[in-house]
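Everything below concerns the one structure shown next.
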Amino acid sequence: MDGREYSPAATTSENGGGRRKQKEKELDELKKEVNLDDHKLSLDELGRKYQVDLSRGLSNARAAEVLAQDGPNALTPPPTTPEWVKFCRQLFGGFSILLWIGAILCFLAYGIQAAMEDEPSNDNLYLGVVLAAVVIVTGCFSYYQEAKSSKIMDSFKNMVPQQALVIREGEKIQINAENVVVGDLVEVKGGDRVPADMRIISSHGCKVDNSSLTGESEPQTRSPEFTHENPLETRNICFFSTNCVEGTARGIVISTGDRTVMGRIASLASGLEVGRTPIAMEIEHFIRLITGVAVFLGLSFFILSLILGYTWLEAVIFLIGIIVANVPEGLLATVTVCLTLTAKRMARKNCLVKNLEAVETLGSTSTICSDKTGTLTQNRMTVAHMWFDNQIHEADTTEDQSGATFDKRSPTWAALSRIAGLCNRAVFKPGQENISISKRDTAGDASESALLKCIQLSCGSVKKMRDKNPKVTEIPFNSTNKYQLSIHEREEDPQGHILVMKGAPERILERCSRILLQGQEVPLDEEMKEAFQNAYLELGGLGERVLGFCHLYLPPDKFPRGFRFDADEVNFPTSDLCFVGLMSMIDPPRAAVPDAVGKCRSAGIKVIMVTGDHPITAKAIAKGVGIISEGNETVEDIAARLNIPVSQVNPREAKACVVHGSDLKDMTAEQLDEILRNHTEIVFARTSPQQKLIIVEGCQRQGAIVAVTGDGVNDSPALKKADIGIAMGIAGSDVSKQAADMILLDDNFASIVTGVEEGRLIFDNLKKSIAYTLTSNIPEITPFLLFIIANIPLPLGTVTILCIDLGTDMVPAISLAYEAAESDIMKRQPRNPRTDKLVNERLISMAYGQIGMIQALGGFFTYFVILAENGFLPARLLGVRLAWDDRSTNDLEDSYGQEWTYEQRKVVEFTCHTAFFASIVVVQWADLIICKTRRNSVFQQGMKNKILIFGLLEETALAAFLSYCPGMGVALRMYPLKVTWWFCAFPYSLLIFAYDEVRKLILRRYPGGWVEKETYY
């Protein structure tokens, strides 16, 4: 089977259900491991299978035929959402729906009034227009924000068309890589991207970098031999979009485009269904709550008004009025702006968020599955340890060269550094003299580059060393003899040569009979061999890649200058050499990672490492960064300590666990769940991309909110499936950036922790904003309710309500997004999405039932004071509504017998509206200050939030402007107030402040008590 059976384009089924089943089946197919057997075929069988001459390539006619049949060699781009759909989602998604319903109801009410009355009031018409405008403006704003992020995304895409060198009809030609077909004979050399999946038929020192596919940072050798059953591990297959690092190779293309291994991963990623974000679910829950309250109030008063004798049509208008009054017009804009501010703050801290809702998702994350290479580590091999003079020395692996130093005076070190510098083909790329050595780019294999940098740092210019000891001959590294050897002219001896050699330590040692100690050659005895073995095991156990080094001074009488050394028919000694030492390399952890992992742990977030690398290396790095914390053991550790076989250890005793990809392959979902449940510290090593996806799904089954980090194409399915996918901005592949929700611009795991902190903070602050905004709903609704029940003149008009919701309340509500955290938010457990809601019943009861009621009292007090000053005592107001609103009544008497015309009555009524509005502003001062904290006293929190202080001043200034600005009486029916009327609501404002401070004091004194259960939101 050549992987062509399931092409992602094959979904054509008549009915939707069948199509869904088909899609699920395909995804399951894609989740399976790669299945191909071309690596097992002999070259003749290969030629027959693909009808190709292995030396001359395809004929042009045959190539054109295959191209027409298979289509171009390119990945199908993931289905993109058209811009108009994105825009409509912003206009009609989530919260906006509530406002649209409100607007439609307003137009409906206006229509009813227009049909019934001769001169209908235009309030409902204004209200409908304003609601629609709010949704449209906010929608445009959110759309613009997301479009900006996706613009940054598009700039990541590399637009350079890739070229490939193919041999057709015996001639080498450069063609566009899209035109490569199955069966083509392709040649790749160091620096090229592999244009398609191909089976190698001949190679010369070829190495490829498979890290984007498997996550292994070491370059892999490629040769025609079939070395492994698994096609991903065998040496004779090269994969599409991996890079050839050095050497050359020829191969036959076995699959192109979406049928390549890389293509299957990309289709797997684009085919996954993405769940809703936690914040979207929260907003839905909130809308359900608010709608519930609104409909309940509306229907209650609808029935009540019918009982009180109103007509059906009047009752319907009341019903609509109450429902609309419950809609918090300003909240949609507030939430959008708060999320945008956080997204901007995160971008400054190197987290680019692609969609606003992901901002909060990161805060509710409870599990992070992190890739190792490049995310937790620096993604550059570095020399970590040396063993010479029978001692292990530590090298410096820090990013800024501030780490350990060792004694460089030993003559043995001089010999070791000379071998590492000479027997080494890596060079620095030109023009980097001003860059620090550790950051320079090199040409060559990762291990050799590490040696080059190490020697350059400790011994000065390697280039000078090589110029003084010119190379005469060399045997490059190959997988059969596992060493690399070169012979150089010695600078200190005008006649002599030195032979230097490095390679796998055990292979080097068996060629040596002597060892260099303190600069003296001594015979290599059993004791030294044991010391070597111990050092080798210790360094290998640290997950490091160990190389051995030896040399031999060639006798000048046998090998004078000008001697013809022959590397093929070896005419010089390659045994009886002198062993000098070991050097070991590792891709070291990034400096900020251990601290970040510690913060995650105290924040209750489980960090799981998922990598394609070796278990030993993975475990060493996991211990280095604290994913496996000190003192925690795996089953293997316990077995080694107690000296018993692994099978006798109870796996539950081990807190840590390293799972090998091959074991994961045979596990059932239940066994995986068992591991995820029972171990707190988990490392998955040697995993394939499909397994990454299975691990993420496993975590989600446990009810976790999962964040996944990754940079390779292999990570994209997991990135897409996770609740929040985090891609790397520098090292990340385009496919992974496409699949992710967030991009770390500096590739640093530590940035995720700041992201989590911002996400948690915005969740807390959104609660505060919502509590603040909802509270003023009660003083806005109650006037209308009393107007219906007690038949009093309307205390607060529609226009004034809009001035509060879209005017005075906006800036203060947004200013709460800038509020600092109350306690250390990184010390608490992640929120449980099932129980810990953004808006819960307790928040509604606090805002509506307690604080809102006090605010309404303040407003009514002011209303009654003004009417009483004008001669209407409260008792006279009951039942006066019909006469009050009747245009033909111009002789309405007040409590003192004075007669009022319709116009005069209305001026007093509108003055009352203005004063009620001013009272709400005054009580909202206190509300804003108490909403700063949910548990602490305001005196503990302080007033450091400058934006909030500005918000207080701004709402007061706006209220004064609306009241005193000339012309407002005509435009908004707002009238100037006497100064004393502003003070009517002050006592209520103080009452709110005192009430809430006492409540919070009880909260802190009796945590978990009755008050907390009933009022802590």
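Glycine is treated like the rest: Cβ placed from N, Cα and C.
Values in this document were obtained by computation on a predicted structure and should not be read as measured data.
Going by Swiss-Prot topology annotations, Met116 is found across the membrane from Leu1001. Looking at 284-303, 864-883, the range annotated in Swiss-Prot as transmembrane segment turns out to be 284-303. With a threshold of 8 Å between CB atoms, the same-chain residues lying at least 6 positions outside the topological domain 'Extracellular' (304-315) that come near it are 112, 116, 788-789.
In the three-state DSSP scheme, Asp715 (Mg(2+) binding site) falls into the helix class. The largest share of C-beta pairs under 8 angstroms with the transmembrane segment (127-147) comes from 316-333, of the ranges 316-333, 838-860, 913-932. Distant neighbours of the compositional bias 'Polar residues' (209-224): 43, 200-203, 232, 235-236, 238-239, 241-247, 249, 261-262, 265, 371-373, 377, 379, 381, 445-447, 479, 545, 587, 611-613, 687-689, 711-714, 733; these residues of the same chain sit at least 6 beyond its ends, with a Cβ under 8 Å from one of its Cβ atoms. In sequence order, Ser212, Asp371, Thr373, Gly374, Thr375, Ala727, Met728, Ala731, Gly732, Ser733, Ser736, Asp747 are the residues of the chain that are 6 or more apart from Asp711 (Mg(2+) binding site) and have a CB within less than 8 Å of its CB. Neighbour density for Ser937 (phosphoserine): within 10 A of its CB lie 16 other CB atoms from the protein chains shown.
Between the transmembrane segment (980-1000) and the transmembrane segment (316-333), fewer than three CB pairs separated by 6 or more residues in sequence fall under 8 Å, so the two stretches do not touch. Sequence-distant neighbours of Lys502 (ATP binding site) (same chain, six or more apart, CB under 8 Å from its CB) are Ile419, Ala420, Cys423, Asn424, Tyr483, Gln484, Ile508, Leu547, Gly548, Phe549, Cys550, listed in sequence order. Each residue in the topological domain 'Cytoplasmic' (933-945) gets a DSSP state, and the totals come to 4 helix, 0 strand, 9 coil. Across 83-103, 767-786, 838-860, 913-932, 946-964, stretch 946-964 shows the highest tally of CB pairs under 8 A with the transmembrane segment (797-817).
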